[in-house]
Amino acid sequence: MKKLGQHFLTSKNIAERIAGAADISSRDTILEIGPGKGALTRALLEKNPKKIIAVEKDTRLIPVLQALFGDKKKFSVIEGDIRELVQKNQLKKQLGTSYKVVANIPYYLTSYLIRILLENGLTKPKSIVFMVQKEVAFRIAQKPPHMNLLALSAQSAGDVRVAFTVPKKYFSPKPKVDSAVIVIDNISQKFFTRVDKKKFFALLHVGFSSKRKMLASNLIKKYSIPRSEIEHVFRACAIDTKARAENLSLKDWKCICAEI
């Protein structure tokens, strides 16, 4: 199991707290990624959602899940790689137009899964609740002057918070680091109502391309804009001309995107 990066949750209490963080109602469809041996699945079912669509890549775990929950009408499991299923838009029928994502995911998939769930062709989830590496969870919830690409991506999509931390002793096999539950709630496209999404993320990537350099220098080099013009944009947005990418808030980036 370890070759897939899986660390199975062993605490019923932690599973119940994760399910609680998802704020599940009887109207909610839940997408659970990597249900493993069903610890979190059981807690989710106890919240009485409309249905749970579980996606499991490990073929050895499918019969385990079917034996545990096969008699539950609200539960169905799909064997496959969530990355391929989302990219090929193969979950649209099952998930419908409104769903929540809850998962204890392999650490190495965190950034990728958040990105594809927020940028894929599916209807965007209402919320995402992920158990991830503790350090990464706090990085996603970071504020200026310590921002990063993942934090900006998540926070432009919804409200981000770290719900609670989870010591490594509650997993098998035990990972080397502690975990935390990150919640991205109230997901919408509201932030991009007056901002071109493609242009915005292109700007972010330019800004963070050389993190140790001043942001103005990165923009001048990429966009071939005179320094005087960039400095005018910064002043219009009330941003220090010597600021680095990590110093800026979402509001700052939005202003630059509109002005540049």
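Here the Cβ of each residue, glycine as well, is placed from N, Cα and C on the backbone.
Over all protein chains present, the Cβ of Glu56 (S-adenosyl-L-methionine binding site) has 25 other Cβ atoms lying within 10 Å. What TrEMBL lists as S-adenosyl-L-methionine binding site is His7, Leu9, Gly34, Glu56, Asp81, Asn104.
Confidence in the domain 'Ribosomal RNA adenine methylase transferase N-terminal' (14-188), given as mean pLDDT, stands at 95. Sequence annotations record features per position, and here TrEMBL assigns domain 'Ribosomal RNA adenine methylase transferase N-terminal' to 14-188.
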Legend entry - Number of other Cβ atoms within 10 Å of the Cβ of Leu9 (S-adenosyl-L-methionine binding site) across all protein chains: 21
Legend entry - Assigned conformation of Asn104 (S-adenosyl-L-methionine binding site) - DSSP reduced to three states: strand
Legend entry - Secondary structure at His7 (S-adenosyl-L-methionine binding site), reduced by DSSP to three states: coil
Legend entry - Assigned conformation of Glu56 (S-adenosyl-L-methionine binding site) - DSSP reduced to three states: strand
